[in-house]
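Notes to accompany the following structure.
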Ligand SMILES: [Zn+2]
């Protein structure tokens, strides 16, 4: 069939993808590849949907508004689903940005009382003087010499006008820095390392040659997922009371990742407003396929269903060791942070939820009666009432009550993960140390050795940091022991950068240790390979 | 096909398969097979005849093809095991060690060798490798589950897997955790043993929190063995196939094996190797160019649509011609008749134009021209539903594809009514199937409706088994079944549901 060759070659991708689907999902053989002509499986769909989007951006700075949720056909979700939900910044931000000159002079910008984080000059100074480019590079590169780990890594920029550029990549941190200063993105995200340079993906003859091969395992915890049980604040607001939810979450997840899975290099990062991200950076972890990521996500997931579900915790008895350990950790938080600080069952309609989760109709009725006649009775007292009234309830199954109470503790304290972030190798996540455009706070790493001391409201904002530098300059000193003092060292960003540096160092050490070991083994084995 | 090649090289000669160049070793002494199950770690070391080589491979292929058809029909593991039992007993029996059957060793040898022969045949492309590994894994699973507990245990212990048995001391120290992870099982720790493996080996068990984890190791109870052994089998086989594929070019030196292997793999190229394109069972049917119009009422709607388009336009575009030619070939229209059919069908063009632009393609599809491989394989296989559904969706002006999938509901409904399906309930059912993307169900629904009376008859008579009325997944099966049902009086006996190699 001579003249069919071209079509067939063109169709070859389709053929493969179709089969792939058929094999993976025999249950839905006929249904799988309905996304007209695009039979790519979920995992790889970033690869061919980019045509409309990414191309737009590569050309330059004047990018039209492309965030158009009204056109479902484009499968926009695949591109935008990756955007961290933390970020609905006010529409006024960034709308009237001036286009920046392409290579800015070293500015000596001074921060006045009216300076804002979204001000391009503020951002420029931050990226120019404070952002820890070198450590970011080493973190992603795993070695001081530039390698594919960094060079084939996808970066995605969100520009001031909301345009979203995917598949950016850079050989070194200098080139990344340069582009950031040129485009002045309001933030940027980090994606996977690809099999080939993301910028070359269009020139490849076979689309399958371009695929994600490595990325840190990530977790995303956001306080908005707690809104149904958070009484102190709502929406974008947070305080130290509700931050305790994040603290609990970090404790529970971190110990599971370390003790159960044996991961070592775990970095938690404040997301800039009301949440935290985890980056698990061990080499073995980075190379995990989606199935393994899903397995971890499933292992850690305890809270299921939305706020409207009847029962969101369904755990087997006896409790799996991970759940039992988590419950142990969470119990004291429940007493203090939930019952006392959140007081979640204060009003009638709120204690309904509690009653719904308890067993035994007689007990429920008794509790309802008692609480209705004592408006405003504190949650702590209500929680104690349960056991008191249970004692006089006939035919009550003590074990069932105990389990119900355990489930309630879990529902109110167990980490609520945005699990989709963790399941996929090719998910993008906001880079550490970028500035949250709404709050102006820097996304700093959280030192888990001193987790309780972390105060999100004390995290420096970009304007504060620039003021720090100015203050320092007035005091004069510019070098110490013959070494020039870096700008970040002059600011309250210092402890965070130092923490990051030590994290990166220990990661690099492990990594370079393994590389040399592997090399030696290869030498010993001669041509065995 | 195979016969010809075999005759060429003297079928009775002992084939020596040299390990330096091939997958087999020359040593004639074969060790005893101690276990019924085989992880296929060791390559066969004995000699076999070329006839055995071919026959054993074909027998295994029958089994694998049917197994894949089961997957395609979405049978669950219990249904699959039940469906496969007679075939396995017939073509690849494996008796339990406890039976002391005299044929135990030869059965196991055949199983062992045929597996390796098919490895050779199916390692050439990634697609074949993946499918082969999948279907072999499925076969292994069926057998593993059917094995008696003691034999299974002894097999597992001999597999040399990188599992560390959890010692008594550690077991007692972790008893609380191990029991909790097992959902309270076992009551007495002595009743169970545990393995320690990297957690990555058992992602499903981890995902469901069905194992205890510590420092990256999963503690897997003995009863979860299946979940460990089966993925291990699969991953080892995938790796081995990868290795085989790299060694494959060296095999080309042997001109006796290559044609057999090529032929085997060609018969596995669509998920419906089970479809038998030979028409011997359609005795007395007039399958000729001039009778296609008459036969077309037994065609599935995809082919009826192609036929109607051809008659309307006196033309079909490339993929339409390909899909239809192969279908016609599959119903038993021979090459000459097929050429006549297309020549007369394309009534608006000259002989010269036909010969120049179309003749070759038809001949190619029949394997009359083209490379060695094409001719040896008799050209292409007729497209299965899966292939039609998945590959090359039709563009503007193209008539191929599956109307249930590729037509809008309005157009589909119009087409169905044109071919006589007017029953509102059936149309509503088709609409629902289409919305749920169960296209093959829609097609089967229409088939059942069109052949309502005949199906009732054969069911009432008990002349057809339920196997013969299984969900249709191939247009040629559709035709064949339709034809047989409509000619119950003419066709005495039906051979269906069995796998035959063509050629
Ligand atoms: Zn708060």
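Numbers here mean position along the shown chain, with the first residue as 1.
Glycine is no exception: its Cβ is also placed from the backbone N, Cα and C atoms.
Positions annotated as domain 'DNA primase large subunit C-terminal' by TrEMBL: B:297-479. Residues or ranges marked as [4Fe-4S] cluster binding site by TrEMBL: B:302, B:385, B:402, B:443.
In the predicted structure, the domain 'DNA primase large subunit C-terminal' (B:297-479) carries a mean pLDDT of 88. Of the chain residues outside the [4Fe-4S] cluster site list B:302, B:385, B:402, B:443, B:300, B:301, B:388, B:389, B:403, B:404, B:405, B:439, B:440, B:475 have their Cβ within 8 Å of the site's Cβ mean position. Residue environment of residue B:443 ([4Fe-4S] cluster binding site) contains 26 other Cβ atoms, counted within 10 Å of its Cβ in all protein chains.
DSSP assigns residue B:443 ([4Fe-4S] cluster binding site) to a helix.
When other Cβ atoms within 10 Å of the Cβ of residue B:402 ([4Fe-4S] cluster binding site) are tallied across all protein chains shown, the result is 28.
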